[in-house]
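According to TrEMBL, the protein carries these features:
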- Glu1224: active site, proton acceptor (ACT_SITE)
- Cys46, Cys51, Cys54, Cys76: [2Fe-2S] cluster 1 binding site (BINDING)
- Cys116, Cys119, Cys151, Cys153: [2Fe-2S] cluster 2 binding site (BINDING)
- Ser319, Val320, Ala321, Gly322, Asn323, Asp332, Lys395: FAD binding site (BINDING)
- Gln729, Arg874, Gly1044: Mo-molybdopterin binding site (BINDING)
- 7-94: domain '2Fe-2S ferredoxin-type' (DOMAIN)
- 205-387: domain 'FAD-binding PCMH-type' (DOMAIN)
Amino acid sequence: MPSFGRNRVEFELNGEVVAVEEPDPRVSLGEYLRSERGLSGLQLSCRQGGCGACTVLLSGLEGKDGGLDHRSVNSCLVPLCSVDGKKVTTVEGVGSVKAGLHPIQSTIVEYHGTQCGMCTPGMVMSMYGLVRGNSEPTSQQVEDQLDGNLCRCTGYRPILDGFQTLAKGGKNCGPCNQAARCTSTCAKDIEEMGACGGRPTRLVITKDGVTWVRLASLQELYAFLRSAKSKGDKVRIVKGNTASGVYKPPSANFIADISEIPDLTKVSVGESGITIGGAVPIADLMKLLEANSELSPSYEPLLNHLKRVAHHQVRNIGSVAGNLAMTHEHGDFTSDVSTILMAAGATLKLGFAHNNGAEQSVGLEDFFNMSLEGVVILEITVPIMPKTTRFLTYKVALRRVNAHALMNAGFKLEVDSKKGLIVGSPVIVYGGVKEYPQRARKTEDFLVGKSFSDRKVYSKALEVLQNELVLESSWDRTAYRSSLLGAFLYKALLSLLPEDAVPAPLRSAIAEYVRPISTGEVNFDKGDPAEYPVSLPIPKLSAGLQATGEAQFMDDIHVGGGLFATYVTSTVASAAIKTINPAKAIALRGVVTFISAATVKADGYCNFVGEYEEVFALSRVQYYGQPLGLIVADSKRVADEAAKLVDVEYTDIQKPILTFDDAIAANSFFSERGIDWKTGSTKLGFQESDVIVEGQVESGHQYHHHLETQRSLCIPGEDNSIEVFSSTQNPSMVQHCVGVGLNRPQHKVTVKVKRIGGAYGSKLNRSACHAMACAFAADKLQKPVRLVLDMATNMQGVGARSPYRCNYKVGVSKDGHIKSLELNILNNHGAHFDFENPDMSSILAFIDNTYNIPHWDINGKIARTNLPACTYMRGPVFVETVFMMETMIEHVASVLQLPADVVREANMYKAGDTTIAGQQLTQCNAKEVFSAVKESSSYESRSQKIKEFNSENKFVKRGISIVPVKFVASWAAQQFIALVNIYPDGSVGIHQSGCEMGQGLDVKVAQVASMSLGSLVDGGLDMANIRINNLTTTVANNVAESGGSVTSELAAMSVQVACDKLVKRLKVTSKMLTTLNKKPSWQELIQSGVDNGIDLQARGRIYPSAGKSGPFQYVSFGAGVTEAEVDVITGDTRILRADILLDCGKSLNPAVDIGQVQGAFIQGLGFYLSEEYRYNSDNGQLITDSTWEYKIPSSKDIPHDFRASLLPNSSNPAGFLRSKFSGEPPYGLACSALFAVRQAVAAARVQWGENKWCSMSAPATVEKVALAANVPVSFLAFS
């Protein structure tokens, strides 16, 4: 066992040589960079390598020439010890606001590619990794480079538009001007690496019982493994460590780094095929497959499949052998690499450390059935196949990229084309059937000598296949996986036909889907010059800071002597708490204390967040993941570890109530809340109707997926005061709750918010309880404490969007006029109410959407379940009820055999109508907006082309849907306060009460201030002289929360009120200084104001009442058209095009508003198509609590063609400066995608006689789409 070597890690960080003495082998590079180096541009949002927010550039030696190899990697997965001898570049090393932005950074700013900004540094670093290795990337390479970066805000379109200018031929393409742009050293050869030059030497680093060993040779590795076995030590072999993003690494005394062993890093191409060493990354294999694709018919299919494995950051360092080893250790991992390599006949050369390095070659089937103790994967060979071989692979996942397979398969089939027979030795491998990839040997044997174009052969082969590959019953999605067995087999056999022999209607079913380079288009008015800079498309004020990683979020705030807190949470959903014993946790070195409901009471604090919720459960657990206590320690790592050591004993454990059906069976409802509302006479309406339509529709949970989870930092001060930094949309509520919790008057509680890294409603009411928990610890210990939830804790314990179920009865005339509606609506709200009391009254604001229907009967009940209390999420109630109503419209149109758009137009509101919520529509352009997008999208002609396409294609179908929406602005009783200071030098500082969370509030406020104050001077007021300060309850006292899409306009309005006061005071001075019709400059005006003692501070306050036309200030309309394509055999769905039009009035900033339109629509696509909550029905645990299982849209899931527009020549007399909101209406328009998918499925079902209404609830995942289509096996033809 190596006992010598350096015990420090040396590497180059942004051009500076860094030495880390005796680092902890368990610490990731990302953890070190943030906590020890203060480089907070990277964010550790998921710690799985699933979101890309932690991306950095890793550069190291490549090949014999000693050049540098640049790779973007996930710093949350890369061990700190592994970067010894390498160069690390973070976003801070690429450019800065002070030194100058790199072209990548300036591009993302220029194209408005930032909103909340949490993902932006990761986006920049992914693209930086591409251009460092290739100064003239292709458009396809640029498009592919964001496959591992998630963005919840922007919808990706502006980011891609900007980055495409870096592609070859783009305006920003070209070599990096490092002298002018970069703050890091862009070394091009190894001599420039200074102290880190030369081949890395051996490392032996020990900390807290764990030793990192970097080995230099295969012989050293063997000796090390033998020594470890003799001493009973556990060893974990590491190359890229990417498996830790999927499975928690097993405990080990030693971590053996094999990345620098020459024998394991070799690659070669020879007669036997491509051979790679056991430490070669997946990305390197892909390069070899691409460069040698002509050698074997299997190489190109393998390459294309590998492009869908994880993402480029993981493929850059994750080894092929490591993926195989992970599959061996975790048989339930549906590995694409393992499946397709087994099908390709790959062989492994293994070295046996415990047998003196003896070597053996094995196939993957044997590999998965042997022990790996002391075994090293030396080489992997991917053989060359005969040219007559057809090699085919398949994969179905919840998302196009960065998503594990639900099922995959590989087929190696030799054919006699003349005879139409399968010959030789077929190989068929399926993954996702049971543990490990499975060979279908009986099916292979059956197919030998059989015709590949005979449907009877397929039917019999499927029977054999289903009998030999029996699905693991304990695994999820059994029915769907069973259907995929036959789907993949059918596609494979059909693909064997000569191209000209495949019947035309079947060709699209076997054509490999190749996503085109996506495009986008935006349209908006040029604005009103009289109000400039208001109405100009100006980038967000903090965009540059976000692109350089200099924007500061809550967890980026550094304080000395701070402690770290981690929740102890319940592991059951319904039980009594018998005991909570923290003794083991307290004994752990570094743990300071444990706080629970009992200690809160003993310390004189209040444990209640509100009337319905406890900070920590006292006697009974109501849902899985409920906070039971808080561990406080001197580091986050220790706090996390200790939290798992707290022993909790439960009694009276009950089976949880989770679903609507569970609640109905148990009669578990909040009886005091609901809705029972009627208008008109539904009985009369049904009598007047020609047709009665009845059905049911559901929508599920949706996680907010803000990259900045719930978090707080509390700092105790003098005189029993406390300062609370909270990622909240509702600082007044946080101030109130912390004050109540600590039994402290509110003037001793100051809450501060600078910016929020995504919220979407989750931080309106759900941030207060976390601030209280953190405040208990800080006040008790009189030390700063920060509480940052990891993603799993956030998802398990913080409520999501509410699920709804609607049973409907619709009375309609033959021409499509809806007469009467009877709705029974259920809402699954969770175990208790959110801070507010849901009474379902807001349903009336949205359920009618854009339709004037005379007779209504709505009955609603709220289910009480063992889930965390659901909370607001972007467009709450609106998104769900629009989907209900539009489903009814689709159903009615289907029954009446009318085009759905005809039914929609027949029922639309017009000016002068009154909605069911009592809002008089003095202005109503619903039909105008609907007609405009209908025309601009060429809806009619495209609809006809889709009919033609569907008639010509049997299993790939298309659909197109047009949907309108109505959204309302609630201003009433929303208090906003602003404080504007003009300083003697002419600079302007603004405090206001809206929370900047990516919606562009700050820039809109600054534009309004510049317009108002600049009206007095020649040349106006440059916005560079305006700063929007941190929100603080010292100024923003007793103010409204930031939500409902109206915050920007109301915050700007309060600022304008303050500015108008200043303008009034300075107007006389301005007139005095005006000469020859020329106004003074801003500096002259302010200097005169200072000299004359004018008060240059003003407060603005607004407290709007209800609108003049009803409960809402105004109404806005939008419409969208979406075209989708569906492979009905597998359920695979692609969004081909989306056209969105929103009436935004006279936009305060059209670039910001267009960004809101794009982002909201893509977030809606996730809700309607891919984002699904799945629970363990036995204990109530959320299974989909990570980026591994929960899939928001990626950059490869957005429409191929995405067009977003603001209604031209619009205005809004009832709005602020004639503007309207933009943040939520487009969300509802995304349901058009689901309806397009539904139409595609319905078009397929007609072919086999299924003419009944095809209902589809949200989300319409690939599984649900395929099961809805339910393609009969008898319909899978070959001719």
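Cβ coordinates come from backbone N, Cα and C, glycine included.
Features recorded in TrEMBL, as mapped to the structure shown.
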| residue | record | Cβ contacts under 8 Å, 6 or more apart |
| --- | --- | --- |
| Cys46 | [2Fe-2S] cluster 1 binding site | Ala53, Cys76, Leu707, Met791, Ser1186, Thr1187 |
| Cys51 | [2Fe-2S] cluster 1 binding site | Ser45, Cys119, Gly122, Asn149, Leu150, Leu707, Thr1187 |
| Cys54 | [2Fe-2S] cluster 1 binding site | Gly30, Leu42, Gln43, Leu44, Ser45, Asn74, Ser75, Cys76, Gly122 |
| Cys116 | [2Fe-2S] cluster 2 binding site | Arg152, Cys153, His706, Leu707, Glu708, Arg755, Ile756, Gly757, Gly758, Ala759, Met997, Gly998 |
| Ala321 | FAD binding site | Lys239, Gly278, Ala279, Val280, Leu348, Ile377, Ile380 |
| Asn323 | FAD binding site | Ala243, Ile282, Val309, Ser335, Val337, Ser338 |
| Arg874 | Mo-molybdopterin binding site | His704, Tyr760, Gly761, Ala1160, Gln1163, Gly1223, Glu1224, Tyr1227 |
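Excluding Cys116, Cys119, Cys151, Cys153, which define the [2Fe-2S] cluster 2 site, the same chain contributes Thr114, Gln115, Gly117, Met118, Thr120, Arg152, Thr154, Leu707, Gly758, Gly998, Gly1159 within 8 Å (Cβ to the Cβ centroid), listed in sequence order. Mean pLDDT for the domain 'FAD-binding PCMH-type' (205-387) in the predicted structure: 96.
Residues Gln729, Arg874, Gly1044 make up the record's Mo-molybdopterin site, and a Cβ search at 8 Å around their centroid adds Ala759, Tyr760, Gly761, Leu764, Tyr872, Glu1041, Ser1042, Gly1043, Ser1045, Thr1047, Gly1223, Glu1224 from the same chain.
Take the binding-site residues Cys119, Cys151, Ser319, Val320, Gly1044: by the count of other Cβ atoms within 10 Å of each Cβ, the lowest one is Gly1044. One way to see the shell of the [2Fe-2S] cluster 1 site is to take the Cβ centroid of Cys46, Cys51, Cys54, Cys76; the remaining same-chain residues with a Cβ within 8 Å of it are Gly30, Gln43, Leu44, Ser45, Arg47, Gln48, Gly49, Gly50, Gly52, Ala53, Asn74, Gly122, Thr1187. Ser319 (FAD binding site) has Cys151 as its nearest neighbour among the binding-site residues Cys151, Gln729, Gly1044, going by CA to CA distance. The 10 Å shell around the Cβ of Cys153 ([2Fe-2S] cluster 2 binding site) contains 28 further Cβ atoms across the protein chains shown.
Cβ neighbours within 10 Å of Cys76 ([2Fe-2S] cluster 1 binding site), excluding its own Cβ and spanning all shown chains: 28. Annotation for the recorded positions Asp332, Glu1224: lowest Cβ count within 10 Å of the residue's own Cβ, Asp332. Counting only same-chain residues at least 6 apart in sequence, those with a Cβ under 8 Å from the Cβ of Gln729 (Mo-molybdopterin binding site) are Ile756, Ala759, Gly761, Lys763, Leu764, Ser767, Cys995, Met997, Glu1041, Ser1042, Gly1043.
Just so you know, the Cβ of Lys395 (FAD binding site) picks up 26 other Cβ atoms within 10 Å once every protein chain is counted. Asp332 (FAD binding site) sits 43 Å from Gly1044 (Mo-molybdopterin binding site), counting Cα to Cα. Once the Cα atoms of Gln729, Arg874, Gly1044, the listed binders of Mo-molybdopterin, are compared pairwise, the greatest separation found is 13 Å. Straight-line distance linking the Cα atoms of Gly1044 (Mo-molybdopterin binding site) and Cys151 ([2Fe-2S] cluster 2 binding site), rounded to a whole number, equals 21 Å. The shortest Cα-Cα distance between Cys151 ([2Fe-2S] cluster 2 binding site) and any of the binding-site residues Val320, Gly322, Lys395 is the one to Lys395. Across the domain '2Fe-2S ferredoxin-type' (7-94), DSSP classifies residues as 14 helix, 33 strand, 41 coil. Looking at the residues that bind FAD per the record, Ser319, Val320, Ala321, Gly322, Asn323, Asp332, Lys395, the two CA atoms farthest apart are separated by 21 Å. Contacts of Gly322 (FAD binding site) defined by a Cβ separation under 8 A and a same-chain sequence distance of 6+ are given as Lys239, Gly240, Thr242, Ala243, in order along the sequence.
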